[in-house]
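Here Swiss-Prot flags D11, D130 as active site.
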Amino acid sequence: MVALRLIPCLDVANGRVVKGVNFVNLRDSGDPVELACRYSDEGADELVFLDIRASVENRNTLVNLVSRTAKSVKIPFTVGGGIDSVSSINDLLRAGADKVSLNSSAVINPDLISESSREFGNQCIVIAIDARRKVDKVGEWEVYVKGGRENTGIDVLSWAKKVEELGAGEILLTSMDGDGTQNGYDLHLTESVANIVDIPVIASGGAGSLEDIYDVFKEGRASAALLASLLHDKKLTLKEIKTFLLEKKLPIRPYE
């Protein structure tokens, strides 16, 4: 059985890690490379860096951050934010990133998914989907872009299936309703997407307790859990999380 993954997420703005609630009210959480090293040492399986301002300000994710991180950590990491061309992806992978995450650019130009998948292999291409529940519509979500500021009107489940067909290797699925709240993942959303695609789904948005993480694996059928606020705020450690999940008999890589 493939091991389930715990992935700290570092949202970056202006060169600093930030975290907010529902994509707003951002607060400083530290230096990205320092935090990356800390989480790597503490047993993270992978890392994700998301430049949350890049898409809004139409500028590329900093290759410098990738280069610094690649020299400092030994675990795989993904970088996303403002990546809108095959050449940008090439620059980031050459700088040391293992994967890239495409969000707004994939919606604007879906061909970028297939082009980049052919060029670099689908294992390098993660499609980030920022999902928000439709008002008064149970079981329906819409895709948001531009750092969660713009509603595309695209149905999340239809988009998830399409990106898989275009060559995505993974889906990074964020519940905008749960982001930063620490009230639990959106299990209905996560399971709904996991049930219709055959590629791994990384659940994001809402982790606040050991039980939340267990539930998103067991009930949500996620392949990986993204963790941010509860780690940055030192509410839980990766060792505590892994110990708990191993006691629950989930296939987690042991803390070393």
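Each residue, glycine too, has its Cβ placed from N, Cα and C.
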_Let me check the 10 A CB neighbour count of D130 (active site). How many other CB atoms are there?_
28
*Using DSSP reduced to three states, classify D11 (active site) as helix, strand or coil.*
strand
*asked:* In whole Å, how far does the CA atom of D130 (active site) lie from that of D11 (active site)?
replied: 14
